[in-house]
């Protein structure tokens, strides 16, 4: 080897010695040893086809100092990890996503028209203020007209009630013999029902005799014979039925617009039949109940029906005009958010309320914290997506349409058989598990598409870190034993909204739906905690308490005697329900632990349930034992009831 070549090799070796160790890790896994060219050993850059006379360098020379700490990881795994990191960073330079409008001269025409005729900022501000005034005035006038209860001749102004109102409280809440829920007879109630009461369901098991009712309408009784959608005035319902649902079932009130009526208490009745009418299947009960009601027919009334559909047309029309005509992201988002929030809270899905004054106060109280969260949503998700977006028609269809779909969640997603995202509901409600799997798969598929767009913009590593923090926080919440994680509508929206940042057509739709879900969740339910106790999740459901140990009853010709053991601590009494009405209450030290019940009608079944008491508080009741018409007794099945 000549001197000239030797000097070149020496210079290459010197250059290599001057570079840090990570310099050549980016090129390959490490240099290899060259054949000796004289008395010195030197390194050459790049890979070479090693012959038999070449010797590999040690691992500590082939790997950088940083990767040498991961020497326990196979080299191929490290190479795959470096390739994944390089892929996640996306193309260089990043490809920022921008929507190129279809037919731009049509989509930009409203904004151009305004710029041409109102070129100055103050003119546009005046037009915007006039627009707000027109919407607010129209909204208030229609809402005020809808809030007027009207008048029923002979009964006066009807009382607004919510969809789950009834004359009777469950369990023994009405007290011994139902004395707290009197009167039973010869009394009337003029009422007014809101729209969409048919969608209300009981969300915890309710005992009706020996039946257990859950996830369905709560109407007990009706006519003996009836055709679907017929209107028969002589319908009789058990006193604990939901009044508005019973009015829909009887044909007195419509589900779409609500309506008014007069309920007449009709005292004790027997044999409540099960019929399906106007889309509601009522529950049968083949025994007596001390309180029932029917509806007065043939009344002359001036009842203002629920005007949520005309108000929907008003707000939807104004938001559409605003979306088509504005190019300012803050004006677009703030206006749509405010108008949609008050529409949901006051009109389409209002919280349970007795009057519009208290409802308005409640919605304003929820709007203030929601507006702060909305600013965060706008700053980090909406603003990047809406900036320089000129496709106003596409935005109106996708983003605004999606926002209305999410905001009207009580209509649009009501078909999904998941009432509450809790472990209990998923276990009990029919179809809930399958629905959850399908929803998760859909969200996962959407997430993959958004990941691709985030990678093209070079933002994927940052968002991966953000969502890793989210997942770690949720896992920490799950690990807290005294509390239960609850994913509300607004929580789900906040978790998914950051991933909708790229300006794409699918992103417009996803972001609109999520903003609508956030609005619906907060306006309807408020900022419920994501960490809730078991009591909060249970509501009026079963407590999981101890059940009384009932000794086999002694049967007489027309009576039956029950005995029970002394209640364990902390209980001090026993409550006995007969046909879902408390008929006896015993406390330790007040006589024998037994009671005899007489039957007046030999042709009527009677249902007995027993529950421990601690003072005035009652635990779970047993399932119903049945005193048959033939005189026999069918004992209680194991398990609690409520």
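Backbone N, Cα and C define each Cβ position, glycine as well.
Predicted automatically and left uncurated, TrEMBL annotations should be read as such.
What TrEMBL records for 1-50 is region 'Disordered'.
Non-local neighbours of the transmembrane segment (125-143) in the same chain are 114, 118, 307, 310-311, 314-315, 318, 321-322, 331, 335, 339, 342-343, 346-347, 356; each lies 6+ residues outside the stretch with a CB under 8 Å from one of its CB atoms. The annotation transmembrane segment is assigned in TrEMBL to 125-143 (among others).
What TrEMBL lists as domain 'LCCL' is 174-283. For the domain 'LCCL' (174-283), the model's pLDDT averages out at 88.
Residues or ranges marked as transmembrane segment in TrEMBL: 307-324 (among others). Residues 110, 131, 134-135, 138-139, 142-143, 145-146, 195-196, 256-257, 331-332, 335-336, 339-340, 343, 347-348, 392-393, 395-396, 399-400, 404 of the same chain sit 6 or more residues outside the transmembrane segment (307-324) yet have a Cβ under 8 Å from a Cβ within it.
According to TrEMBL, the transmembrane segment annotation covers 359-378 (among others).
According to TrEMBL, the feature transmembrane segment maps to 434-453 (among others). Note on the transmembrane segment (434-453): residues 97, 416-418, 421, 426, 460, 496, 499-500, 502, 504, 506-507, 510 of its chain, located 6 or more positions outside it, place their CB under 8 angstroms from a CB of the stretch.
Per TrEMBL, transmembrane segment is recorded for 465-487 (among others). Packing against the transmembrane segment (465-487) from elsewhere in the chain are residues 421-423, 495, 498-499, 528-534, 537: each is 6 or more residues past its ends and has a CB under 8 Å from a CB in it.
Same-chain residues lying 6 or more positions outside the transmembrane segment (508-527) and placing a CB less than 8 Å from one of its CB atoms are 99, 337, 340-342, 344-345, 349-351, 363, 366-367, 369-370, 373, 377, 381-382, 385, 394-395, 398-410, 446, 450, 488-494, 496-497, 500. Sequence annotations record features per position, and here TrEMBL assigns transmembrane segment to 508-527 (among others).
With a threshold of 8 Å between CB atoms, the same-chain residues lying at least 6 positions outside the transmembrane segment (359-378) that come near it are 329-330, 333-334, 337-338, 341-342, 345-346, 350-351, 353, 494, 497, 515, 518-519, 522-523, 526-527. Counted with DSSP, the domain 'LCCL' (174-283) comes out as 17 helix, 38 strand, 55 coil.
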